[in-house]
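Here's the structure, in structure tokens; my notes come after.
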Amino acid sequence: MLYLNRSKFQQFPFHLVTPSPWPIVTSFSLLGLTLTLAFTMHGIIGNIYPLLLSLLVVLLTMTLWFRDIVAETTYLGDHTLAVRKGINLGFTLFVVSEVLIFASLFWAYFHSAMSPDITLGNVWPPVGIEAVQPTELPLLNTIILLASGTTITYSHHGLIEGNRKHALSGLTITFWLIVTFVLCQYIEYSNTSFTITDGIYGSVFFAGTGLHFLHMVMLTIMLGINYWRMRNYHLTSTHHVGYETTTIYLHVLDIIWLALYICFYWWGV
């Protein structure tokens, strides 16, 4: 083998990423989304169109970035065992950071709920706040999420065992369960008697449940991508890192929702 040909092969298992515009483009698009969201909430921007445009740019850059990642793992073979271990480690740290974010919101909630001062009427929920009843839509959403955890596990085991029919059917059911959850959560928000500006209760309630809602929207996109990849035979029984991280992501969001339901809906009422 000639030296020139031999030099094309790596002597290590790690992926040297080629120059990509997506990290810097995504950073600026997220900055634009944050600024337009803050300006819209404070009334500096009089309409919602700049916010929607920023969100569209973020979704577009994410789509293009995910396209490159799919090409690297499926067609170029860049995701070796060492690379997959690194991805799993990075995703684990991401989950830890998400748990810490929600922990800070629970801290803020209990800080006010366990010792309400005179400005809150010395009661929790504060005077004038009609809390969402835990036996209505929140209970239905809890059942839906628990069911989705079961169906995604069924799908995952089907993929591991090489049963394509079970894997696809379980993933399809999971996708529609999560879509139903998102719609029910939207209906709940549309019918609440308070908003995010109604004191500490409204702020913490919508910050906690709203952040979880945004994660569920992201989960819907991830499930859709995995369904498309599974239909196109991108995933195998031994190589499905994206699908596996999506499964873990769903289970983590299930646990966080159970904590939100117990603390914000059941105990908080």
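In case you wondered, yes, glycine gets a Cβ from its N, Cα and C as well.
Residues 48, 50-51, 53-55, 57-58, 61-62, 64-65, 68 of the same chain lie 6 or more positions beyond the ends of the transmembrane segment (21-41) yet place their CB under 8 Å from a CB of it. Residues annotated as transmembrane segment in Swiss-Prot, with sequence analysis given as evidence: 21-41 (among others).
Sequence annotations record features per position, and here Swiss-Prot assigns transmembrane segment to 44-64 (among others) based on sequence analysis.
Marked as transmembrane segment by Swiss-Prot on the basis of sequence analysis: 90-110 (among others). For the transmembrane segment (90-110), the residues of the chain that approach it from at least six positions outside its boundaries are 200, 204-205, 207-208, 211-212, 215, 245, 248-249, 252, 256, 259, 263-264, 268, judged by C-beta separation under 8 angstroms.
Cβ atoms under 8 Å from those of the transmembrane segment (138-160) belong to residues 132, 166-171, 173-174, 177-178, 180-181, 184-185, 188, 230, 235, 237, 240, 243-244, 247, 250-251, 253-254, 257-258, 261, 265 of the same chain, restricted to positions at least 6 beyond its ends. Annotation comment: Swiss-Prot describes 138-160 (among others) as transmembrane segment, evidence class sequence analysis.
Positions annotated as transmembrane segment by Swiss-Prot: 167-187 (among others).
Look at Swiss-Prot and you will find 205-225 (among others) tagged as transmembrane segment, backed by sequence analysis. Listed by sequence, the residues of this chain that lie at least six past the ends of the transmembrane segment (205-225) yet keep a Cβ under 8 A from its Cβ atoms are 66, 98, 101-102, 105-106, 108-109, 171, 174-175, 178-179, 181-182, 185-186, 189, 194-196, 242, 246, 249-250, 253, 256-257, 260, 264, 268.
Swiss-Prot lists 248-268 (among others) with the feature transmembrane segment.
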Cβ under 8 Å, sequence separation of at least 6 from the ends of the transmembrane segment (248-268): give me the contacting residues as numbers and ranges.
91, 95, 98-99, 102, 106, 109-110, 113, 124-125, 131-134, 138-139, 141-142, 145-146, 148-149, 152, 174, 178, 205, 208-209, 212, 215-216, 219, 222-223
Cβ contacts under 8 Å made by the transmembrane segment (44-64) with residues that lie 6+ beyond its boundaries:
22, 25-26, 29-30, 32-33, 35-37
